[in-house]
Number of protein chains: 2
Amino acid sequence: MIMVTPSRKPRVAADAKDGAETLDFGMLPGLVGYVLRRAQLRVFEDFIRSFEPLALRPAQFSALLLIEANPGRSQREIAAGLGIQRPNFVAMMDEFEARGLARRTRSEVDRRSHALMLTPAGTDLLVRAKAVVAEHEARATAGLSEPDRLRLLALLKAM
Amino acid sequence: MIMVTPSRKPRVAADAKDGAETLDFGMLPGLVGYVLRRAQLRVFEDFIRSFEPLALRPAQFSALLLIEANPGRSQREIAAGLGIQRPNFVAMMDEFEARGLARRTRSEVDRRSHALMLTPAGTDLLVRAKAVVAEHEARATAGLSEPDRLRLLALLKAM
DNA sequence: TATTGTTATACTCTATAACTATA
DNA sequence: TATAGTTATAGAGTATAACAATA
């Protein structure tokens, strides 16, 4: 039985930038959905800014990683792994091919499907991306000790 | 110095529903951005389903809570607290008024701004919404003990 | 001149139906 | 008949510029 205590008292600063307003957030800071969403937006903000020089969005970075680690898999398999709809993965693969980062080749065993793999340029970009993501990760978890970072990952996965 | 260990070995099930495929997720399960995003999507999925009977989206629930806890505040203040742009809050307030959940009244002190407050119907809806959110929270954190749930909230806020 | 609420607009993400070519 | 990739499309959510009323 979870109580979700209202905790009405603590008034927190809404946003220092637009006035010295103070808002009562009520039960929101006690709800995982709210706190999770806010944290995720903060982390993605830094991720997106960090990856602007490489022109990669979060989903694109994940897609390239998945293709690298699973060469020869189909679009359906990679899209399913990413949790995105198959139709929405088409444009992403189109861009990867246009930028010379990945290739589609018709599968020999099932000529309906595409075998995906990175190009050398795609592999090179991922090398740089992994350095960028390590710096991003350090910034995103700057407020946590390494044991706390691992504990956070474990708690998120246990949900 | 964070190592972001690749941990290439563990192959995890991609999705049991569409074949017995197995994908190597590489470093992704070690990145807070990725794990956070996945957890947030899972939680929101349950939230959205839970709130379908009340016809409330997550942002709408937060907005009603904020208006209830801070009656008389302006659209700019509530929108800033929610982290949404002022223009995008206009349609949400329009819907609240159309559904009889909240009201805008011109402020006496600054006739440019609107003083927001809930209607009795809005207050009633929030009573039901708070019961729904407590059940949702229990489901979302079913895999966590109460100390772990609090630890998770603390770690997310410490990031 | 600056700010509040507003309109219009655009861009990203996401979700679904339906087509084609293969199986 | 079912599936992979594709096209078209529609709906959220989000971001910015500009306007009228008011400060």
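The backbone N, Cα and C atoms fix where each Cβ goes, glycine too.
The annotation domain 'HTH marR-type' is assigned in TrEMBL to A:29-159. Averaged across the domain 'HTH marR-type' (A:29-159), pLDDT for the predicted model comes to 97.
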DSSP-assigned states of the domain 'HTH marR-type' (A:29-159) in counts, ordered helix, strand, coil: 88 helix, 10 strand, 33 coil
